[in-house]
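Features reported for this protein in Swiss-Prot:
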type    : residues                : note
TRANSIT : 1-28                    : transit peptide
DOMAIN  : 62-244                  : domain 'tr-type G'
BINDING : 71-78, 137-141, 191-194 : GTP binding site
Amino acid sequence: MYIHSSRTVLARYGSRTPLLRPSVLGRYSTSPAATIEARKIALNRDNYIKSVYDRIAKIPPENYRNFSIVAHVDHGKSTLSDRLLELTGVIQPGDKNQVLDRLDVERERGITVKAQTCTMIFNDPRNGQDYLLHLVDTPGHVDFRAEVSRSYASCGGALLLVDATQGVQAQTVANFYLAYSMGLKLIPIINKIDLDAADIPRAMDQVESTFELDRENCLQVSAKTGLNVKSILPAIVDHIPAPDCDINSPLKALLVDSWHDPYVGVVMLLYVKEGTIKKGMKLLSAHTEGRYEVKEVGIMYPDKVPMESIRAGQVGYIVPGMKDPSQAKIGDTFFQYGKHEGLEALPGFEEPKPMVFVGAFPAEGSEFKVMDDHIANLVLNDRSVTLEKETSNALGLGWRLGFLGSLHASVFQERLENEYGAKIILTAPTVPYKIVYKDGTDKIVTNPDEFPGSDLRNQNVDKLMEPYVNAIMTIPDEYIGAVMSLCENNRGIQKELEYLTNGQVLMRYEIPLAQLVEDFFGKLKGCTKGYASLDYEDAGYKKSDIVKMELCVNGEPQDALTQVMHRSQVQARGKEYVVRFKEYLRFQLFEVAIQAKVNNKVVARETIKAKRKDVTQKLHAADISRRKKLLSRQKEGKKQMKASGRVHINHEAYQAFLRRTI
C-alpha cells in the first residue's frame, strides 16, 4: 500500500490547504494548534495521493492516451493546456495561469521554451470509464525543434491548434510535417473564436487546403474563455490511439527530458515503452552504459507526485542518483540491469546539433568561477546547449556556447541573468563553417579566430563552405515584393511560391544561415508590418566566398570582435563597424587608428585624433622660434608614445558595441 508518514509528506508538500497540487513548505509555527493543523493537512494530502494512485492502477493500458499540441508561437498552446488541466481536476479554475510555463522568461515573452508534461485522469461520461491522459506542452519556435521532436516520440497523437485571427502560420506548417512524419494522429482545433477579428471559415479552409484534413472535423474553441473546450477530451479518447506497449516485457524506457533539482539532484523524465519501473530498481543506460538505482519514481501532476511504479505506456519521472549530469543524454534508452541481454535501444537517439555559436564572458573577470557553476546548471536543464571553455586576449576567460538559434541564445542569456543575477558579455553570433582540405578531409569551425586567414593555398585549403537553410514564410500577398527583395538582399534563392486562401502566400527560400541569424526575422516583420511568420530547416553546406574580417586597434586584432562573412558584405560591414567602435573608445594622448582588415588588407579605417596639451600657452606671440621648437618636441613625443603605447579598452566598450551588434 502506498502510504507516507505525515512528517515525510509535510516536509515534501508543505502546509498549504490541500488542493490538487503539492506546494513548497515555508516557515510555519511550532505551536500545538499549528502542529495539529499541519498533520491534518499532511494526512489529507497523503490520502489524496493514494486515491490518485489507486485510480491510475485500475486504468488498463488501452485507456492510455499520450498527446501533444502542435501550434505556431502565441496561438494559445499553454492557455489550452490550463483549461484541460482544470477540466480534469488537476488544478482549480482560477489558479495561476500557464501552469506548464514554469520559467520566468516563458511568462515574460509569452513563449514555451522547455517542453513540460502533465498527467491527467479523465472520466468519460459516455461510458463511465477512466482514461489516463498525458499532455506534453511543446515549444512552438523553430529554435526549440529538438524539444518538439523528442516530445512527439512519446505521443500517439496531437492537437493541431490554429489561431482563428491569424490562420495557418509557418511554424504550424513545419511542426505539422514533423508530427505527420512521426505518424501522429492529428485533431484540428480552431482557437480564439471569441475574438472580433476571428475568421473561422478562412482558418478551416486553410487547414483543409494546407494539411488535407477535413474541415468538418475542426473543433472550434476559445481556450481563454473555455468555450467548447470540453469537446476536446472525448475527441482525444476517440481519435488518438493507445500507446503500443507491453507491461510484461523487459524494461525499455526513453529519456524525454532532464533537469536539476536543488534537493535531489538530476531528475529524468522517461517514457516507458515496455515493462515497469519501481523504486530501488537498477537501471542501465544503452548509450553511456552507466548504472543507476531508482531513488524515487512518480508522475507529474503537474508537479512531482511520488508513486510506487510507472508502467508501460506512461510518462513519469525518476530520481536516479546520477552523479554526472552530462550522462543524462536525451533520447537515451534505459534497461533493467541484469535483464538487458539481447535488448536493442529504442530509435531516436541523436545528439543536438547547434546552429549558432557565441563567445560568452563575465562582465567582471573575477566572477568566472561562480558563473561557470551557474552556466553548468543551465546546460543541464537545456541539453541542446554545447559548452566549451575558451580564452580571449581582450575579454579573458570565457566559454564558447552553441545554440539551436538566435532566440535560443537570447533566452539562455535572459535565464542566466534572471535566475542567477549574472551579467554576461556575448560576442556576435556565428555559424559553423566547413573547411575542406585538398587531401579530402574537412573541419567544422565555430570560432572566427580559428578561421583560415589570407593565404589559403599555404594552408592546403581546397574550398570554404557555409550552412544553408530552407526558410518557409507565410505573408499577406500585398507584401510579396518587399519580402522577395529582402530575401534577395540576404543572398536567398527562391524555391517555391504558393498562394493560399484569402490573400496569404507561402514562400520557400534557400538562405545562408549566417544571414538568418542577423535579425532576418526582425527585418521580415518590419517589411510586413508584423504579419509575417517564419520557420526553417537545415539544408546542408554549400561552397561560398567567405572571408574573415578583423577589427584592429593600432594594428592589434581584437579577437572578440573578429567575424566571418561573405566577401560582398565586407566594404559596408567594415565601414559600419569602425565608425561604431570609434564611439566607444576614449581619447588617448596619441593618435589611434581603428581598421577593418580582410586578408591583411585594410577595407575601412577611422582615426581618433590625439589629445594634446597647448604647449604654446605661456609664450609671447612674437617668439616664433620657441613656438616651433616646442611644437616639434611635442610632435616627436607623440610619435614615440604611439610606437610604444597600448590602447586600453575597457569591458564596457566591448559590451556596448556587441549589444548593438547582436
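Easy rule for this one: first residue shown is 1, then count along the chain.
Any Cβ shown, glycine's included, is placed from N, Cα and C.
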Binding-site residues compared (Ala71, Ile193) - highest count of Cβ atoms within 10 Å: Ala71
Mean of pLDDT values spanning the domain 'tr-type G' (62-244): 81
Number of other Cβ atoms within 10 Å of the Cβ of Asp74 (GTP binding site) across all protein chains: 17
